[in-house]
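A.B. asks: Please read through the structure below; I'll follow up with questions.
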Amino acid sequence: MSNHTHHPKFKTLKRAWKASKYFIVGLSCLYKFNLKSLVQTALTTLAMITLTSLVITAIIYISVGNAKAKPTSKPTTQQTQQLQNHTPPPLTEHNYKSTHTSIQSTTLSQPPNIDTTSGTTYGHPTNRTQNRKIKSQSTPLATRKPPINPLGSNPPENHQDHNNSQTLPHVPCSTCEGNPACSPLCQIELERAPSSAPTITLKKAPKPKTTKKPTKTTIYHRTSPEAKLQTKKIMVTPQQGILSSPEHQTNQSTTQISQHTSI
């Protein structure tokens, strides 16, 4: 309570309590003088004052308790300093050497395992594994970047093919007469003679043949009206010829004679 005595609300409560004391003393004096009506009004006012003061004190205690219960979200400066002090130092070459030497000393101090049955001795295989772990922890994995070839640059040629291929001297077979050592060279030269590079001819793709179907052509001749009349006359002329035949004439003459006789 000593911390909260300087709060302004507590000061007002103290003043209200003192005023209520004086008020009670005055009521007692009035009761002695038999003034009951005034005493009743004073008691009601005093009861109202006490109730309000109790409500105010309850609100103050609740607000103070909630403020204490809430944790601080942001860390203080002391906490940050403690965290910085507890962080381990980064791995340097000196630290790596010291740890490496300490591990070696511990491994050397351990005696090798001896089999009593076979009489063979063998060292601990943990040295290699521990050294590998330390190297993996100390040296980070180097990220290998693929070589970037600029545009238009040819890829590197394999020089192993040039080194592996042995160039034999060209020995003509005509000079190998009587030399037994020359004949295999001549044969090898013939086998390994560089053949002429084959010429690549690009064949053009044949165009697809399209077979066209023959179309029937109908020719229409225009005939003039004069030509039509000539064709009609040609058709009529043989009939006239038939009528003007000699047999027809004899028949006509006989009919005329018969007619004259009848008359």
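Cβ atoms here come from the backbone N, Cα and C positions, even for glycine.
Below, the features straight out of Swiss-Prot:
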COMPBIAS  98-129  compositional bias 'Polar residues'
COMPBIAS  151-166  compositional bias 'Polar residues'
COMPBIAS  204-215  compositional bias 'Basic residues'
CARBOHYD  T72  O-linked glycosylation site
CARBOHYD  T80  O-linked glycosylation site
CARBOHYD  T87  O-linked glycosylation site
CARBOHYD  T92  O-linked glycosylation site
CARBOHYD  S105  O-linked glycosylation site
CARBOHYD  N127  N-linked glycosylation site
CARBOHYD  T139  O-linked glycosylation site
CARBOHYD  N163  N-linked glycosylation site
CARBOHYD  T199  O-linked glycosylation site
CARBOHYD  T215  O-linked glycosylation site
CARBOHYD  T231  O-linked glycosylation site
CARBOHYD  N251  N-linked glycosylation site
TOPO_DOM  1-37  topological domain 'Cytoplasmic'
TOPO_DOM  67-263  topological domain 'Extracellular'
TRANSMEM  38-66  transmembrane segment
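On this model, are these features tucked inside or out on the surface, and what's nearby?
C.D. replies: In the three-state DSSP scheme, T231 (O-linked glycosylation site) falls into the helix class.
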A.B. asks: If you draw a 10 Å sphere on the Cβ of T231 (O-linked glycosylation site), how many other Cβ atoms land inside?
C.D. replies: 10
